[in-house]
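What follows is a single structure, written as structure tokens, with notes after it.
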Amino acid sequence: MAIKPVIEMNKVSKIYGGKTENQVFALNDVSFTMQEGEFIGIMGASGSGKTTLLNVVSTLDHPTEGTVAIAGTDITRMKARELSDFRAQRLGFIFQEFNLLDNLTVYENVALPLSLQDLPVHQIMDRVGKVLEQLGIAELADKYPATISGGQRQRTAAARAIVHEPALLLGDEPTGSLDTKNAVGLLEQMKRLNEQQQISILMVTHDAFSASYCSRILFIQDGRLVQELYRLGSREAFYKQILNVLGDYGAAAAEAAAKELSAVEDRG
Amino acid sequence: MLMKLALSGMKSKLKDYLVLLAGLVISISIFYMFQTMAWNRSFTENNAVINSIQLVYVLGTILLSAITFFYILYANGFLLSLRQREFGLYMVLGARKDKIRKLMFIETIVLGMVSLAAGLGIGFGLSALVGRLMAQQLQADLTGYYPVYGPAIGFTVLFFVALFIFSALWNQLKLARMQVLQLLHGSMRADRPWRSSGWKKVMVVVGVIAILLGYLSLTFMEQLREIGLFTATIMTPLGTYLLFMAFLPPLVARLKKSHQLRGIRAFTFGQLSFRINELTKLLATVAMLIALGAGAIAGGLAFWNDAFIRGETYRVYDATVHDPNEAETNVLAGIPFKERFTYRYKLDNEILYYAKEDLESQRPLVHSQQGRDYWDQLKRVEDPLPKATADSAGKAVAGESANSSAGGVAGESADGTAASADTGIESGVEGETAGGIENGESLSSDWTTFLWQIAPTNLSYSDVRLADNVQFDALEAKEQIVVIGRTDDFLAYRSSWEKLDQLAMEKSEGMGVTWSKYENYQRALGISSGTMFMGFFLGIAFLAMMASCLMFKILSGAAKDIQRYEMLHKLGVRRERLSRSIYTELLLVFLFPGIAGLLHVLVGMRLFSFILAEPYYRLWLPILLFAVIYSAYYFITVNLYKRIVLR
């Protein structure tokens, strides 16, 4: 199978504020390509632009400049309705919070992406059953989200994100509100989905441990991609590598901030 | 310091407070509007056709008080829910609980007083406005009705001050029992889906019994009288509440189950099934308010229709013109009569002679039976006419009969007309049937009735006879004619009837009275206009209250739903589909109480059957009116809601 690009981002910028105002570059000339079957993590400090990047990829936000193509489709030229359909058919989401609709049961939540596409009932039941089984939440099917644990909720969210076999699975701090045990559980699930079913995953995280499950990490700072890290060896080694990079950036950032502060004080 | 914080907290939730305030203000102003009627005893008693109108108002006040009571309690619960997170935060930061409670108490009372003042102000304005509008539309005389009325103000203030103090204490109690963490996470609490249980079955049984009792007392109000009024007032709402609570949640649960995998509909019904538990009581209230509002308007309109029915009962033919002059002929020519007859008559020697041929060839329509119930059942007179009696022999016979009874006929026909016009109901003819001509040659009762309806009112005569053409021509008196006509729609040509009446008055130089169908109709309208006004006034008040209840509830819950719609949007549901989901969901929310309310109205109209001939006549009109208002209101609510959740 020839490897195709899932995401092609070309010189994408996202600028907040008008021409006369103070312009803020949430994204500044970002370009990267993600191949099918990759598991990419995006890391950066708060306010570095990683969520904006994810929103642009997930078609929820429009870039000010540049083009974004997902699975060969240029999403920057699509209309709102087409974008909605595109999201429904080609993308899967796992968010940190408010993942599930609390007025639907686990089963109904997972079935939602399929039933929204008006698939025949037997097909829906088939697929939902399989996915619930796969993620080990089949016995929770008739429960409401409010009555299950956080980890179970995130697994339900994962089930919903992959039930329609999307081209790309997007995660926004998926382990952010989970304890270690549940976080590991979810990450293992995602790894399995990636390795066994060749599902491409793009995940935003600030947690080095979560990031160590990825095959590649993009570091973003002040709206720019500043570094790339490929996983070559074991996950543990990769984890250390990530921590080092973060440490460097942390130190550099702290230094820069201190300099700026002292400059202000000098002036004062 | 805490006070300052609380104030700034209020400012940040200004929009919610405005919704709350608007709800309170509307309910107060409507309560006041109702009281301006209830306490103005002399006005209601002078203007109502219903004997125990005061009892109706007492019961109405009780019902409205109960509804308002729950509404205010609910609104204050909303107030607490607005504030509890913030209060929890203060307590985490070290504020003492009694301080917080004091704050909450003050807030409830201040909000209550502000809304009371605003509510009364708006109540004055609304009462004056609706009063004037109604007076114009119905041409009703409203002397004695005061938009600003002392006793009504007093009672409203007393009622609401008591209510606000009660709900402030209620909030205190709730606050006292809550822990800090509960306060902090109050909004996170998940709604529970519905579960079946034994006592819900009891609820169904009791509810069915209550609603049956209520409907029975509405149906047999005439026999049950005051007792019926009491049972209907208590049992109908009780049954409505119980049945709404028992039936709606499982119904929605079933709807949801059957649409489990039907895409956005699964979400729509999921949304509804979560909400329905806390909605049932409100929807039952809304159903009651609809029943009261639409019922009051329908009742008012029924009194209006009653005037028309009285006119129809009084005369079959819309116009009766004697010896039309030129102006009258012109007016008559301009009316598209469905049936128009001309009869000749002569007055000779105190005896009124009709040309028999005219009657024979133009057989008129009469009511198939006497009485109000048969106002629209007409038949053509088929009875044979007696032999012409204008010959000498006949004259002697008739003369004799005239001695024994015809004097009575003449006398009676004069005051009989007056009497019947006064009461406006009975045509007062029964008496003559026997009195007129009793032998084999006599006129049938249908003919007697008809002849007397077309008889000239400005002539005095002692007997009525028929004459064939030869006899008629032989009579030396002046030949006169009477023109009668019937149209498809009496009400459509009101201006023509009015003109005819005017012309007739001019012709008689103010001496005679026209006793026309139109005049009778106008008189009946005058009697019922006061009742009509009350019906419309209260109908508008109740519907406004219904609107504020429902809108308040839906919009106050909207903030919670934003996340859900946001999530669906992220999952790739098109905006139009979300919008359709909202339309469907709210349609159901509006539909249940709408149907229940209208059902109540349909049964409840029987209530008027002891005073109105046909309470159900043209009932579609107020129902249509209500449907239009209600749908307009549905679309407004949907759009307001959409603006909140689909940003």
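Glycine residues also receive a Cβ, built from the backbone N, Cα and C atoms like all the rest.
Quick look at what TrEMBL lists:
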- B:17-35: transmembrane segment (TRANSMEM)
- B:55-82: transmembrane segment (TRANSMEM)
- B:61-178: domain 'ABC3 transporter permease C-terminal' (DOMAIN)
- B:103-128: transmembrane segment (TRANSMEM)
- B:148-170: transmembrane segment (TRANSMEM)
- B:202-221: transmembrane segment (TRANSMEM)
- B:227-252: transmembrane segment (TRANSMEM)
- B:282-304: transmembrane segment (TRANSMEM)
- B:389-439: region 'Disordered' (REGION)
- B:532-555: transmembrane segment (TRANSMEM)
- B:586-613: transmembrane segment (TRANSMEM)
- B:619-641: transmembrane segment (TRANSMEM)
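For the domain 'ABC3 transporter permease C-terminal' (B:61-178), the predicted model reports an average pLDDT of 83. Of the two recorded stretches, the transmembrane segment (B:17-35) lies close to the transmembrane segment (B:532-555), with three or more CB pairs under 8 Å once pairs fewer than 6 apart in sequence are set aside. The recorded stretches the transmembrane segment (B:282-304) and the transmembrane segment (B:619-641) share 3+ CB pairs below 8 A when only pairs 6 or more apart in sequence are counted, and are therefore in contact.
Under the criterion of 3 or more C-beta pairs below 8 Å, with sequence separation of 6 or more, the transmembrane segment (B:202-221) and the transmembrane segment (B:227-252) qualify as touching. Taking every listed stretch (B:103-128, B:148-170, B:227-252, B:586-613) in turn, the largest tally of C-beta pairs under 8 A with the transmembrane segment (B:619-641) is reached by B:586-613. Secondary structure counts, DSSP: the domain 'ABC3 transporter permease C-terminal' (B:61-178) has 102 helix, 0 strand, 16 coil. Only residues 6 or more beyond the boundaries of the transmembrane segment (B:227-252), in the same chain, are considered here, and those with a CB under 8 A from a CB of the stretch are 52, 55-56, 59, 62-63, 66, 194, 196, 200-201, 203-204, 206-215, 217-218, 220-221, 269, 272-273, 276-277, 279-281, 283-284, 287-288, 291, 588, 592, 596, 600, 604, 607.
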